[in-house]
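Asks: Sharing the feature lines straight out of Swiss-Prot:
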type     : residues                                                       : note
BINDING  : Cys38, His63, Glu64                                            : Zn(2+) 1 binding site
ACT_SITE : Thr40                                                          : active site, charge relay system
ACT_SITE : His43                                                          : active site, charge relay system
BINDING  : Cys93, Cys96, Cys99, Cys107                                    : Zn(2+) 2 binding site
BINDING  : Ile175, Asp195, Arg200, Leu262, Gly263, Leu264, Ile286, Tyr287 : NAD(+) binding site
Amino acid sequence: MKALVKENAEPGLWLADVPEPTIGSGDVLIKVLRTGICGTDLHIRAWDGWAQQAIRTPLVVGHEFVGEVVDTGRDVTDIKAGDRVSGEGHLVCGKCRNCLAGRRHLCRATVGLGVGRDGAFAEYVALPASNVWVHRVPVDLDVAAIFDPFGNAVHTALSFPLVGEDVLITGAGPIGLMAAAVARHAGARNVVITDVSEERLELARKVGATLALNVSDATIADGQRELGLREGFDIGLEMSGRPEAMRDMIANMTHGGRIAMLGLPAEEFPVDWARVVTSMITVKGIYGREMFETWYAMSVLLEGGLDLAPVITGRYSHRDFEAAFADAASGRGGKVILDWTA
């Protein structure tokens with residue numbers, strides 16, 4: 001089968017022929033229809049410092065996908081050939097305290113699809129049945145392909161109650177954009193999102209942000225004044241991983257404010273912990289999705305009319321992956337989709 005492979009320990013990806021995956025008794029074989037390009041895939045392609053430490057070549061990359069089940073292991077009873085599915089990209093041990101308690105997203109032995117094992121940028125992918133989400137109601141294929149990052153957005157945005165709250169989101173990348181859409185849909189009063197890309201800020205306006213603020217020429221305090229906020233933001237969603245974004249967020253929270261932090265910093269940085277303590281701010285780290293509560297919430301949000309169409313800005317055949325990756329790496333748009341049927 002054709003697959004996008006990190007063949008060598010150097011920058012680049014290769015469209016190559018590799019063997020089709022085999023399945024065990026509890027696994028599912030899936031024909032891939034479409035995939036989404038993630039920031040993780042960009043790091044692997046660029047072969048940056050993180051990738052050099054985390055990746056062992058050769059590796060089929062990719063973890064965001066939608067496909068159709070073509071075969072199941074003998075012990076799989078609730079998934080059948082023909083089902084339209086997406087997959088949870090974090091594979092867990094099933095044996096640790098957190099897994100046994102049902103907190104699978106907290107497993108210390110998590111292995112990432114397309115990072116620690118062959119992934120989904122291929123004509124076929126195999127997963128344990130426990131990692132397969134069946135779309136029981138129709139979902140647009142492009143949206144179904146990005147259920148993984150959509151789950152990151154939902155997990156982060158719904159970490160705290162949002163109804164009537166003023167929400168600050170730092171970082172208007174694809175996950176930040178989806179979080180803005182979720183926050184508005186879930187009843188937030190104001191949703192302010194910051195970035196330095198006007199193209200992405202325009203996408204934020206399309207998904208319903210109350211105010212899309214370019215912090216290269218305005219401050220979050222300016223945004224507060226424009227909206228008439230006098231006490232700061234109730235909820236903060238940090239999506240950028242930028243030190244200055246986290247510091248600005250803390251400085252603009254109300255007393256008792258709550259911050260969910262998904263953005264992954266590249267290195268340690270100082271934080272005004274005195275402000276966190278004296279303002280009684282809660283900071284919660286987010287990694288991945290809650291399995292499968294977040295997936296259920298995603299489906300319900302879409303059934304309820306949540307529109308993610310503006311977030312998807314690029315569509316390419318998998319054969320045009322070089323152009324697709326360049327688009328995704330530009331930092332100007334939203335999610336980029338690879339079509340494995342074209």
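Each residue, glycine too, has its Cβ placed from N, Cα and C.
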Asks: Considering all pairs of residues in Ile175, Asp195, Arg200, Leu262, Gly263, Leu264, Ile286, Tyr287, annotated in the record as contacting NAD(+), what is the maximal C-alpha distance expressed in whole angstrom?
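Replies: The span, Cα to Cα at its widest, is 23 Å.
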Asks: About how far apart, in whole Å, are the alpha carbons (Cα) of Ile175 (NAD(+) binding site) and Cys38 (Zn(2+) 1 binding site)?
Replies: 10
Asks: Near His63 (Zn(2+) 1 binding site), how many other Cβ atoms are within 10 Å of its Cβ?
Replies: 24
Asks: If you count Cβ atoms within 10 Å of the Cβ of Cys99 (Zn(2+) 2 binding site), leaving out that atom itself, what do you get?
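Replies: Within a 10 Å radius of the Cβ of Cys99 (Zn(2+) 2 binding site) lie 19 other Cβ atoms.
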Asks: Identify, in sequence order, the residues in the chain of Cys93 (Zn(2+) 2 binding site) that are 6 or more apart from it along the sequence and have a CB within less than 8 Å of its CB; answer 'none' if there are none.
Replies: Cys99, Cys107, Ala109, Thr110
Asks: Quick one: Cα separation, Thr40 (active site, charge relay system) versus Leu264 (NAD(+) binding site), in Å?
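Replies: Thr40 (active site, charge relay system) and Leu264 (NAD(+) binding site) have their Cα atoms 11 Å apart.
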Asks: Reduce the DSSP letter at Cys38 (Zn(2+) 1 binding site) to three states and note it down.
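Replies: DSSP assigns Cys38 (Zn(2+) 1 binding site) to coil.
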